[in-house]
Amino acid sequence: MSGAALGLEIVFVFFLALFLLHRYGDFKKQHRLVIVGTLLAWYLCFLIVFILPLDVSTTIYNRCKHAAANSSPPENSNITGLYATATPVPSQHPCFKPWSYIPDGIMPIFWRVVYWTSQFLTWILLPFMQSYARSGGFSITGKIKTALIENAIYYGTYLLIFGAFLIYVAVNPHLHLEWNQLQTIGIAAANTWGLFLLVLLLGYGLVEIPRSYWNGAKRGYLLMKTYFKAAKLMTEKADAEETLEDVMEEVRKVNESIKYNHPLRKCVDTILKKCPTEYQEKMGRNMDDYEDFDEKHNTYPSEKSLVKLHKQVIYSVQRHRRTQVQWRILLEQAFYLEDVAKNETSATHQFVHTFQSPEPENKFIQYFYNPTVEWYWECLLRPWFYRILAVVLSVFSVIVVWSECTFFSTTPVLSLFAVFIQLAEKTYNYIYIEIACFLSIFFLSICVYSTVFRIRVFNYYYLASHHQTDAYSLLFSGMLFCRLTPPLCLNFLGLTHMDSSISHQNTQPTAYTSIMGSMKVLSFIADGFYIYYPMLVVILCIATYFSLGTRCLNLLGFQQFMGDNDMTSDLVDEGKELIRREKRKRQRQEEGENRRREWKERYGHNREDSTRNRNIHIDPKESNLSDLSTTRSASKYTRVNNRTERDRIELLQDVEPLDFNAETFTDDALESKSERYQPGGRYLSMSQTGIFDDV
């Protein structure tokens, strides 16, 4: 099993990162370099979290083996007497190789490759790719130039910080500049920045994750919050549609002014390819390719303005598509929560859906997850499961907060993580050590990474599921993961006292700690910032518990969901009305489809029966009739069939009532309806009387 556990985890983590990236990114539409860069960043960060428990168990075994070697007397020892009998050597040392043991020399190389690759991604490559993906240039050279200009200040700031550390080391007379010390300074600078952000995100996640599961057991709470989200999303959706219309109007003007023989026509064609299909068709119909651009003395846009317009088109189209998808998903969630609220009082214990799922369900899932099982899970078991899970996560959060405040104390050992690991180390229970380490660092990672997935910086950074995340946000999330994971692992090793700089013991360090170098070069960071700054997590947890950040954002005008607020109540009522309107609209559509299907089946069967009866009653001798009789009988049946077909078409056209919608109800629609229902005016009058039935 030597190295097998490492190989299995490497493969498993790769597919985990690929699955998450497929959920948030779009492999078909986004650039391959963006997908590869983000996948590599996520993969390396998740790999560090999963491999670190193996490093801990291997280090504990190496310590035991080293202690056994030091305690054994030399082979040719002539020591006799009292001293020889005072230190008996056991016949069998309790050290044994763990099942996940990694041979010597592999872990240092592995951590060095993973760490420096992730640092290269987060500080150099991903920021450049971020600016490149957001650039509106029409050529690779133009995009590279824009990316370099945008990152000049970014890289200059890093060089300034690194120069400050160099000056500090150079001025200190007790220190001498060497390559290892310069490497340690760079690592310390990166970890300091990451630890500063880590504590902020950790303080939020430690409180918000257990509270989200506790509130998930409240049906009324989730439904009210969904109504609130619907009202906010409708506002954002309307704003996205308005922005897209404005941008498309600018594109239309540019398309009409720059003709086929203009030097910048290729740039305009590139912009048109990024527009939605319906706008491309409209602009294509209004295009006059035979008009020369030199015949009219118009002011044409410059290439710089076209680059700016190209950037606006990419952003507006992506935002419009994202809001449309999110609106459909939110509607499904609201309908489902309303169904759960209705089925809670069901006496049959059968879960009934208002609308059937548009996607066909798997037969295997449909067999086991039948309506009865669904009712017991959604209406009875799921709330209690969420409450129990919230209590367990709350206990973990309390342990983390206590350990963050006391991990610097070595005598006595107050950190609960260190107590658990040391108890397992005494019995050399490597399975328990790896499970305890994995659960601990996994919970810390969930608290931090989930906050990264939840936060939203206006419309510049937002991770949206169902393949709706743009390239800029994907790359930015990869940068955050690469910067947060190394200090997160160092913090975990400090909580478990596996870091010798925290435990102050002359023991063999882990392979991960060894590549970080000795922080004694920067004593004020190793003995000050790394120890006392994590204590601020207590203040952040208290602020999150009382929703101080939410209240501040609400005062600044950013509407947040708060149960005791008038603005929240208004938005909840507005969202409830929007959901009710969409629900009524979908019900009318389903009723119309059902009536259309019934009429089609009814008249389709009648037509088949009449055809079958006609073929049966035809006498073979009648085939020798004159051409006149054949023509008359054919015209007779043709008239009958045409009349039946015309009646069937008219009934099918009249079966669905006209739905009054301010977005789709136009004069053109009325004209087309009047042209379709001209015979006798009968069906036109019936449709007009049914327009305001639902108002």
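Even glycines carry a Cβ here, placed using N, Cα and C.
Feature list (source: TrEMBL):
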- 230-257: coiled coil (COILED)
- 588-624: compositional bias 'Basic and acidic residues' (COMPBIAS)
- 582-633: region 'Disordered' (REGION)
- 6-21: transmembrane segment (TRANSMEM)
- 33-52: transmembrane segment (TRANSMEM)
- 109-132: transmembrane segment (TRANSMEM)
- 152-171: transmembrane segment (TRANSMEM)
- 183-207: transmembrane segment (TRANSMEM)
- 384-401: transmembrane segment (TRANSMEM)
- 431-452: transmembrane segment (TRANSMEM)
- 472-493: transmembrane segment (TRANSMEM)
- 529-548: transmembrane segment (TRANSMEM)
Same chain, outside the transmembrane segment (183-207) by at least 6, Cβ under 8 Å from its Cβ: which residues?
119, 123, 161-162, 165-166, 169, 397, 400-401, 444, 446-448, 450-452, 480, 483-488, 490-491, 516-519, 521-522, 525, 529-530, 533-534, 536-537, 539-541, 543-545, 549
Which value does the mean pLDDT take for the coiled coil (230-257) in this predicted structure?
93
Count the CB pairs under 8 A between the transmembrane segment (529-548) and each of 33-52, 109-132, 384-401, 472-493, then give me the winner.
384-401
In terms of Cβ proximity under 8 Å, which residues at least six beyond the ends of the transmembrane segment (472-493) contact it?
21, 24-25, 30, 34, 37-38, 40-42, 44-45, 48-49, 52, 56, 115, 118-119, 121-122, 126-127, 129-130, 133-134, 187, 190-191, 193-195, 197-198, 201, 404, 417, 437, 440-441, 444-445, 448-449, 452-453, 460-464, 499, 502, 510, 512-513, 516, 530, 534
List, by number or range, the same-chain residues at least 6 past the transmembrane segment (431-452) whose CB is under 8 A from its CB atoms?
49-50, 52-54, 56-57, 60, 98-100, 198, 201-202, 204-206, 208-209, 393, 396-397, 400, 417, 420-421, 424-425, 463, 477, 480-481, 484-485, 488-489, 491-492, 495-496
Intrachain neighbours beyond the transmembrane segment (109-132), with Cβ under 8 angstroms and 6 or more residues off its ends:
6, 33-34, 37, 40-41, 44-45, 47-48, 51, 55, 143-144, 146-148, 150-151, 154, 158, 190, 471-472, 475-476, 478-479, 482-483, 485-486, 511-512, 515
